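First up is the structure itself, then whatever we jot down about it.
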Amino acid sequence: MDGDRSKRDSYWSTSPGGSTTKLVSDSERSGKVDTWLLILAFTQWALSIATVIICIVIAARQGYSMERYSMTVEALNTSNKEVKESLTSLIRQEVITRAANIQSSVQTGIPVLLNKNSRDVIRLIEKSCNRQELTQLCDSTIAVHHAEGIAPLEPHSFWRCPAGEPYLSSDPEVSLLPGPSLLSGSTTISGCVRLPSLSIGEAIYAYSSNLITQGCADIGKSYQVLQLGYISLNSDMFPDLNPVVSHTYDINDNRKSCSVVATGTRGYQLCSMPIVDERTDYSSDGIEDLVLDILDLKGRTKSHRYSNSEIDLDHPFSALYPSVGSGIATEGSLIFLGYGGLTTPLQGDTKCRIQGCQQVSQDTCNEALKITWLGGKQVVSVLIQVNDYLSERPRIRVTTIPITQNYLGAEGRLLKLGDQVYIYTRSSGWHSQLQIGVLDVSHPLTISWTPHEALSRPGNEDCNWYNTCPKECISGVYTDAYPLSPDAANVATVTLYANTSRVNPTIMYSNTTNIINMLRIKDVQLEAAYTTTSCITHFGKGYCFHIIEINQKSLNTLQPMLFKTSIPKLCKAES
């Protein structure tokens, strides 16, 4: 072992290069370590002191900043409060000032301006609406119109089929359609309502009737009631007449024999204003005054009265009356049918029938126009033309229908359907059968009458339902018919289905030779008088309004009643 130790010492004493190295003792190495530890500890202490000093400095600075921050925030709060108070004060002052201005304007300024502007607008509208070319524009501001798809029945459009030929069917039998009736009536037990007149225009309808407060005498003082309205559909999808405005004319004016026209948004009514009875009127020269009444949908009314000297008559008349039934509107004119007695008879040959009649000649027919009961005056039909009816003072011209084209002058109606004008006249003379045809209003006036063999009217014994031979008589009753086909061969009407008595009102659909479909209103004993029928279409489906003067027998008075039916038109399949 000593040998090993000697070798180990020799190894540590000599370097590989062969040089000799002196080894450090343990005590020397321990002293150096202590020195370095002391230096390190001092350094740490110095750093700690520096850190503490730095922290103190930073803390001091932060305290100063916080104090300045607090002072700044407090200053901002104070400034904000001052600004807020200033703004609030400013806003309060502005609001109070503006509120005062607004209050002053609302209470004083605006009403004054509105009144002025309203007056200016009213003056402008009145000035415009007084001009003929702007009348329709002013009227169109009233939003009243028939329901969509409803229009007056036009025969050329209605009497056709997609395939086959149209015809009136007897099956099923016509029946009354449900719905309300708002025709004007009387408020007294003995009041009598007469002479219903209905005109259906493209937008509205006009209806007029005469109310006599005591009994039914024609010369009795009476109210005239004119209604305007539109046609709507009820919950059953059937058409109804819905009045919008109504005007009652003074009983002291005593209007009689009124005819109506509905055109645009106005209703026009032409009446006689007699102060004597009919027979006295025919026995004197000159006619009783006529009056043209105008009513619009706002209820405004205007009337123009005309004396004999203010009317342009083509011949001198002893009596002249509107024909009760509706008239028509053409461009710039209204045309009403009228009738009356000529002071001097016209020369010419009237409509006549000689074949099959004994001891009858053309002279018999000519003389039959001169009615003894009316002072022997020749009774003719006329066209009463109201020209410039939109002007401040319309002009009236009367044109006599040539006696060569007509039967005995009588009450009647005109209808303008499409491009054709249809005429109906009451069968007051010897010709008892339905008188309906096409009127050509150009010069000379001509009428193409459609012969009807099936329809007639009751009359006195000499001129009853079946009479066809000429003789002097004045009888019959007003029961107009509405043309369903262009030639007026197919018609809708209400006839008093009796020989001599005004009884048994019956709705009829007929052609020239046969009554195809009919409905009796009640029974053969029901008393009635005048009837008028007007028809419409709703998207091609045809309906008719029938107005009948019914005698309320328990009260012994007349009151128009409204009935409705569906037109029994079918299409015959082509073979």
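Heads up, the Cβ atoms here are built off N, Cα and C, so glycines get one too.
Annotation comment: Swiss-Prot describes 1-37 as topological domain 'Intravirion'.
Feature annotation from Swiss-Prot assigns region 'Disordered' to 1-25.
The annotation region 'Incorporation in virion' is assigned in Swiss-Prot to 10-14 on the grounds of similarity to another entry. Per-residue pLDDT, averaged across the region 'Incorporation in virion' (10-14), gives 37.
The annotation compositional bias 'Polar residues' is assigned in Swiss-Prot to 11-24.
Residues annotated as topological domain 'Virion surface' in Swiss-Prot: 59-575.
The annotation region 'Involved in interaction with F protein' is assigned in Swiss-Prot to 59-140 on the grounds of similarity to another entry.
Per Swiss-Prot, the feature N-linked glycosylation site maps to N77 (among others).
Residue counts for the region 'Involved in neuraminidase activity' (254-259) under DSSP (helix as H, G, I; strand as E, B; rest coil) come to 0 helix, 4 strand, 2 coil. Marked as region 'Involved in neuraminidase activity' by Swiss-Prot on the basis of similarity to another entry: 254-259.
Residues annotated as N-linked glycosylation site in Swiss-Prot, with similarity to another entry given as evidence: N499 (among others). Over all protein chains present, the Cβ of N499 (N-linked glycosylation site) has 15 other Cβ atoms lying within 10 Å. According to DSSP, N499 (N-linked glycosylation site) is assigned to coil rather than to any helix or strand.
Swiss-Prot lists N511 (among others) with the feature N-linked glycosylation site, giving similarity to another entry as the kind of evidence. For the recorded site, N511 (N-linked glycosylation site), the DSSP three-state label reads coil. Long-range neighbours of N511 (N-linked glycosylation site) (same chain, six or more residues apart, CB within less than 8 Å of its CB): L168, A454, A489, N490, V491.
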